[in-house]
Amino acid sequence: MTVAPETIRSPEFVPRATRLAQRPVKISALCELCHSRKAAVKRPKNLQKLCQLCFFNVFETEIHQTITNNNLYHRGEKLALGASGGKDSTVLAYVMKTLNDRYDYGLDLVLLSIDEGIVGYRDDSLATVKRNQVQYGLPLEIVSYKDLYNWTMDEIVTCCGIRNSCTYCGVLRRQALDRGALKLGINHVVTGHNADDMAETVLMNILRGDLARLEKSTAIITESAGSPVKRSKPFKFTYQKEIVLYAHFKKLDYFSTECTYAPEAFRGTARELMKQLEKSRSSTVIDIIYSGENLLLQPKRINKQKQFRKVKTIDKKTAENGQNNNKNREMEVLSDGSISLGHDRAKYKDGNKCLKCGYLSSNKICKACVLLQTLEKMKPKITIDNNISTDGAAKVLRSLETLSF
Amino acid sequence: MKVTVELLGGLHQIFTFGAKIVDVNVLEEAELGALVETLCLSLSSSFSNCSPSLADPVYRTSLARFVDCEHLQLTGEYKIIPGIMVLINDVDWELFDEEETVLHPNDVITFTSTLHGG
Ligand SMILES: [Zn+2]
Ligand SMILES: [Zn+2]
């Protein structure tokens, strides 16, 4: 069977509302709450059928309850809302603004956006955030990688290629919001992480045997001793599907593209597994989060109980040449994913500061600084090797990647 | 009969026609599954070798962003992957019969990716 070329074509311009008004009425159930309007949503959480208005109401009220039940914020607090222009953060900004006004939380909200410095990629999403700033009347602060790390993502990609740059991107991005907030004198970052994200992380940690990370991954608010920045996730119990539906029905202005840095393969598999489980058990997502919250590690006994996993560094050359003078050949991966270089591991626990940048770290030198040090070493070689401008390097490399895909 | 398809959340990038909104001709009383098949076949017709098979990794990779390729191989049915949300005239397709929903002229079918991009 072939498709005739005229089967799919661009429509003559008819406004969306008109198109929707033209179509015949399909029979669907009535809303289970108001019993008067046509249902538009089947909630993944409990399969309840709701009309648009009742859905908005339930969606917002549940988030309000999450915030008040957990005492996430206090009057007068200044919050940095992580803003990427994507759907989660756009809904976050809209809902936080709405609830702050409706229930008079008395919060001082600021949109905080990180500019990784990828020419031609961030432009569109930053433009979205700038429109959100106007639409929601919230102040916007943009902090760049250049400000924070003195490197743009384009420069990093030029230096070490797109594959390796994913490692950098992950580590640097995780810290960027915290560092950005500190720069602005704000010590509470709010992110749009949702229930699906959280269940996925719990599943991954369990499948990897990384139970030490469970506690942190299910916390609705994280506060480490000595850390100046709190993090909270008011969407902890909010399903991804409902966030997308909410943004769609409210016609929120968000930027959507396929993620530039595809998720690591393992996360992708965990996500698929979860989606499959969800098909046969709708409460899967909440169940996984609940399990994650209640799986508690026994308190560690000193030394003996502690498990260390030794991993070889990626430094293959050193290994191949049989050189064993490299002190970093074996690194210890700690439970929080950071790398320990020194031997005084007992001394460097949560609450210590990086000797280089002063940022909270469980090691002498934080992971970001370790990566940046490696980059600095590679830099001189690169400037001789290729003289091309680094502007847009990430984008060009990515386009090349898709071509060869 | 004519129905309108909206491809949101970056989904339009999968298809060669590139547009986010397209009109598609389907048979009278076609089910949504048939529409999905038409969209997928338009993807295949853009390949130079006239009938790409699922064994072709490039074709399969594109297709896998929209439909369940393993299911297609086993049953010949086009089934939307779980990460995509479908609305028919702005109503969740789970309130109808999903792929088996019978379409009417001028229906607006919205596909949007729920994955990616916080
Ligand atoms: Zn209702
Ligand atoms: Zn540091």
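Cβ coordinates are placed from backbone N, Cα and C, and glycine is handled just like the others.
Residues annotated as ATP binding site in TrEMBL: A:GLY82, A:ALA83, A:SER84, A:ASP88, A:ILE114, A:GLY192, A:ASP197. Under the heading domain 'tRNA(Ile)-lysidine/2-thiocytidine synthase N-terminal', TrEMBL lists A:79-263. Feature annotation from TrEMBL assigns domain 'Cytoplasmic tRNA 2-thiolation protein 1 C-terminal' to A:352-383.
Overlay of TrEMBL feature records on the structure.
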| residue | record | Cβ contacts under 8 Å, 6 or more apart |
| --- | --- | --- |
| A:GLY82 | ATP binding site | A:SER89, A:LEU92, A:LEU112, A:LEU177, A:VAL189, A:VAL190, A:THR191, A:GLY192 |
| A:ALA83 | ATP binding site | A:SER89, A:THR90, A:LEU92, A:ALA93, A:LEU111, A:LEU112, A:SER113, A:VAL129, A:ASN132, A:LEU140 |
| A:SER84 | ATP binding site | A:SER113, A:ILE114, A:SER125, A:VAL129 |
| A:ASP88 | ATP binding site | A:GLY192, A:HIS193, A:ASN194, A:PHE235, A:ILE243 |
| A:ASP197 | ATP binding site | A:GLN240 |
Inset, instruction - Just give the helix, strand and coil counts over the domain 'Cytoplasmic tRNA 2-thiolation protein 1 C-terminal' (A:352-383), going by DSSP. - result: 17 helix, 2 strand, 13 coil
Legend entry - Among A:ASP88, A:ILE114, A:GLY192 (the binding-site residues), residues with Cβ under 8 Å to chain B, listed in sequence order: A:ASP88, A:GLY192
Inset, instruction - State the three-class DSSP label for A:GLY82 (ATP binding site), counting H, G and I as helix, E and B as strand, and everything else as coil. - result: strand
Legend entry - Around the Cβ of A:ILE114 (ATP binding site), the count of other Cβ atoms that are within 10 Å: 23
